[in-house]
Amino acid sequence: MVAIVTLTRQVLLTIALALFAQGAAIPEEAAKRDDNPGFVALDFDVLRKPLNLTEALLREKRDSISLSLINEGPSYASKVSVGSNKQQQTVIIDTGSSDFWVVDSNAQCGKGVDCKSSGTFTPSSSSSYKNLGAAFTIRYGDGSTSQGTWGKDTVTINGVSITGQQIADVTQTSVDQGILGIGYTSNEAVYDTSGRQTTPNYDNVPVTLKKQGKIRTNAYSLYLNSPSAETGTIIFGGVDNAKYSGKLVAEQVTSSQPLTISLASVNLKGSSFSFGDGALLDSGTTLTYFPSDFAAQLADKAGARLVQVARDQYLYFIDCNTDTSGTTVFNFGNGAKITVPNTEYVYQNGDGTCLWGIQPSDDTILGDNFLRHAYYLLYNLDANTISIAQVKYTTDSSISAV
């Protein structure tokens, strides 16, 4: 989910990476070795909505994308606590945005939005809350917005607390629940609707975790688990070495806003298609997106057809009975290679048709249908690298700090 940070000033296809459910326990043996192992592990729940163009034709979450993106698939929600009295919030973890905001207990929810069902925050009941008196505004590309006030308070993630964390207390929103953005600080929503900077860029949650000694490196790894799984894990400052095969290959980030690495080529149905440009890895985006010309090459090979679904809006559809055997291979600039089963590219729509899992856009985005197979995603914001390896779906765990 990527926040739109206009000079007015937010993010869903994103992340919308926003945090995930039931905190994952640190392995007992690690706890015995060191009370502070240098990482914080957190489980999350996978929240799924079916793709349905009749209800939500197009959704997108970033200002740099002119063609709307579909985000009716999974999102990733986790429980965190805010305040001296640990007020519990279930928030979406989002790698594409950078701000942590919660829903105020007196917030006004947009029409048809139940924004308070995942937990609310009452600043006056937290003795550690400090109102910064600056306006917070963030806008998503799908038109949803959140407004409120910047403040600081204690944030607790799976029993690990950081103090004085800058957060936004949202009093008006058309978003379903709060979002924990964990991207670069350069992508923070620090401008109001007139383009005036209301607060300086600040230490967001990953940065604060490092500065307060909870993790050793401003990095996090993401395990989205299998397509049918109900839970996954994010580890701040660590990596689970049991969750991938082969070795992690570090790819240099080519753009910090958003997190982009170089994609060299794509192999599909026996043909190799050279690409040679940047690709954004975004946990808040459901499908995979390529510029129109490149998407057309892949579509021709896959047998997908372009259909006009709205004014100036085209999507690829594919026969629901198409042969989904085989794989699509993504080759990255520094040698990383990720194999994705072709079952990830046929999506049942609500009307009996099937969407193709690759769609046209002005920008290249590798969404959840790619990321589920690319564990490990180790985002190292200190080294400006994203390390990836082929996923290994397993309940085994072997976490180490990075």
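Glycine is no exception: its Cβ is also placed from the backbone N, Cα and C atoms.
Lifted from Swiss-Prot, the feature list:
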type: SIGNAL; residues: 1-25; note: signal peptide
type: CARBOHYD; residues: Asn52; note: N-linked glycosylation site
type: DOMAIN; residues: 76-389; note: domain 'Peptidase A1'
type: ACT_SITE; residues: Asp94; note: active site
type: DISULFID; residues: Cys109-Cys115; note: disulfide bond
type: ACT_SITE; residues: Asp282; note: active site
type: DISULFID; residues: Cys320-Cys354; note: disulfide bond
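Of all the active-site residues listed (Asp94, Asp282), Asp94 has the fewest other CB atoms within 10 A of its CB. The candidate set comprises the disulfide-bonded residues Cys109, Cys115, Cys320. Of these, Cys115 has the most other Cβ atoms within 10 Å. When secondary structure is read from DSSP and collapsed to three states, Cys354 (disulfide bond) falls in the strand class. Of Asp94, Asp282, Cys320, Cys354, all annotated as recorded positions, the residue with the shortest Cα distance to Cys109 (disulfide bond) is Asp94. Each residue contributes its Cα atom, and for Asp282 (active site) and Asp94 (active site) these two points are 8 Å apart. Here the Cβ of Cys354 (disulfide bond) has 20 other Cβ atoms within 10 Å, regardless of which shown protein chain they belong to. Across the structure, Cys115 (disulfide bond) and Asp94 (active site) are spaced 17 Å apart at their Cα atoms.
The secondary structure of Asp94 (active site), as reduced to three states from DSSP, is extended strand. You'll find the Cα of Cys320 (disulfide bond) roughly 31 Å from the Cα of Asp94 (active site).
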